[in-house]
Amino acid sequence: MRSTILLIAFTALILSLSLRGNLGNPSPADMNTSRWRDDGPFELSPERGRFALLYSLLEDRSLTFSLPVARFVTPDLGYINDRYVSLFAPGVSFLVVPGYLVGKMFQLAQVGTYAVVALFALFNLLLIRAISLKLGASRSAAVLAGIIFLFATPAFAYSVSLYQHHFSTFLILMSVYLLLVPSGILILAAVFFLIAASVPLDYPNLFLMAPIGIYALGRLVSVRQKTAALHIRIDRTKFITLIFATLPLVFFFWFNFRSYGHPLQFSGTVRSVKVIDASGLPALPANPSEHEAQAFASGDYSPRKSALDFFNSRNLLGGFITHVFSPDRGILVFTPVLLFGILGIILAYRASHPIYPVLVGVLVVNLVLYSLWGDPWGGWAFGSRYLIPGYAVLSIFLSIFLSRSRLTRPVLLVFFLTAVFSVAVNTLGAVTTNRNPPRVEILELERVSGLPQKYTFARNWDFLTANLSKSVVYQTFASAYINSVQYYFLVTTVILVPVAWSTWYLAKRRHD
C-alpha cells in the first residue's frame, strides 16, 4: 500500500510539473488570441475542437458553435444544416466536464480540463502495473513498465494536453484487467459497457476493442465434446449482459441526432469548413484548388466523406514505416526502449496465457489500422500518437521480459541507456509542444517561411532553448528562478530516479 501511494504521488508530481495551460477562464474572445492558441494550450485543432464543444455545452448550453467559438475551431470545423458543429467524437468533451467546472471555480477552467486527461494517464500507469502483476511480473518490473509507458513514450506529451488517447487506452486496459479477475455477470457487463463506451471517444476504438470483445463473447459460450458430437451451449444469463453495451450507444446516437440531425451521421463525415468570412459564412481558403473552388460554388464546402474512406490498403507499407522507422514519428526514434517489449512477447508466447493473444491482437490491430489510415502522422504531432494503446501493451510485455529473461549486466545496461534516451526525448515533448509537422509538409513550410524547418524532436529542442515551455507551473512560478532548459533537466532527472533505482534493483536481484 505504501509503495502504491508513493507511486501515485510521484506520478502526480511529474504530471503537475508538465501540465500545459494558462491561468484564467478563457472566453471566446480570449480563445482566439495567440496567448491561448498558437502560443498556448490550444495549439492544434484537436484540442480546440474538443474544448470548443465542452465550452458550448456548459456555457452556451448548446451542441453547436456560436460564431466566435466556430472561428476558434477552424480549420477543423464542421458545417451542417446551416450550423457550425464539431468534427470530433464527443466523448472527450463530456468526460472532462468535472475538471472544467472545478477548475472554473479557481480561475483554472482550462487547466482543470487538461488535468482530467492527466488523471486518466495516472490510471493507465496503475493499470499497467496491476495487469503486469497478475501476469506474473515482479513488483519492480511492473512499476518500471508503468513508468516507461507514461514517461518514456509519446504518451507523456498527450497526458498533459486534450486528446482522446489516454481515455481510449484506459478503456482497453480496464477491460483487460477485468477479464483477468474471476468471471461473473457484473464483470462481463462492465466489459461490454466499456467496449461500447469506446466508440463515442474515438470511432476506430471499435476495431481496437475487437480482440477484447471476441474474448469476452467466448465467456458466453461453452463447448463440450460428448462422444462424436460437439455440444455448444450459450449461457442465457450472461448473454443478457450485452444489454449494457446499449447504454453508451444511446448517448452516442442522441448526440449525433442533436448535432447533425441524424443518429447515424458521424462527426468525421460532416462537411468541413476551413475559413469563415467577415460576415460569418463559410469561405474558400487562400489559394484553393480547382476541386475546392467547384465544390464551394455548388455549396458543398468539402466532399462528402464516408467513415471507411479514411482507410486504404495502399497506405499499409508506408504507414507502417512511418510508425516504426520514420524520424518524425517512428518508435525507433521516439521510444526505442519499447523494443524490449517485443522480446517480452516472445517469452509470453512460451507461457501461453489465454490473455496474451488478446493483448497481441490489440497491438496488431492498432499498428495495422493506423498504417492503413490516410494520415498516419496524426497531423502535426509529437511522435506517433495513434500508437499510444500499443505502447501500453508493449509496456506490459516489457514487464514480462524484465521478470522472466536472463538479465545480464550488459543487457540491463543497454535497457537503461535506451530508457534514459526515451525519457529524455518524451519529457522534451511534454514540456514544450506537440506542433511538429510531418516530414511530407516540410518543403512547403520552407517555401512559405523561407527558412529551414525541422520535423523531429530537434524542433522541440529549439523551442526549449528559446526559453519557451507550455507547462503552466513553469510559466507561472518556475520561470522566475530558472530557464526552460534547466526546468526540463530537472523534470527529466526526477523521472530517471525511479527508473535507475528499479533497474539497479533488478540487476541486484538477479545476481544475488
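Here, residue 1 is simply the first one shown, and the rest follow in order.
Heads up, the Cβ atoms here are built off N, Cα and C, so glycines get one too.
TrEMBL entries are annotated by machine, without manual review.
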Annotated transmembrane segment segment (source TrEMBL; candidates 3-20, 201-218): 201-218
Non-local residues, at least 6 beyond the ends, that sit with Cβ under 8 Å of the transmembrane segment (141-163): 3, 7, 11, 14-15, 18-20, 41, 46-47, 50-51, 92, 96, 113-114, 117-118, 121-122, 124-126, 128-130, 132-133, 169, 334-335, 337-338, 382-385, 387-388, 391-392, 395-396, 398-400, 402-403, 419, 422-423, 426-427, 429-430, 434, 471, 495, 498-499, 502-503, 506
Cβ-Cβ under 8 Å with the transmembrane segment (114-135): same-chain residues at least 6 beyond its ends: 4, 7-8, 11-12, 15-16, 19-21, 41, 95-96, 98-99, 103, 141-143, 145-147, 149-150, 155, 158-163, 166-167, 169-170, 173-174, 176-177, 180, 348, 353, 355, 392, 395-396, 399-400
Touch test for the transmembrane segment (386-403) and the transmembrane segment (330-349), at least 3 Cβ pairs under 8 Å: yes
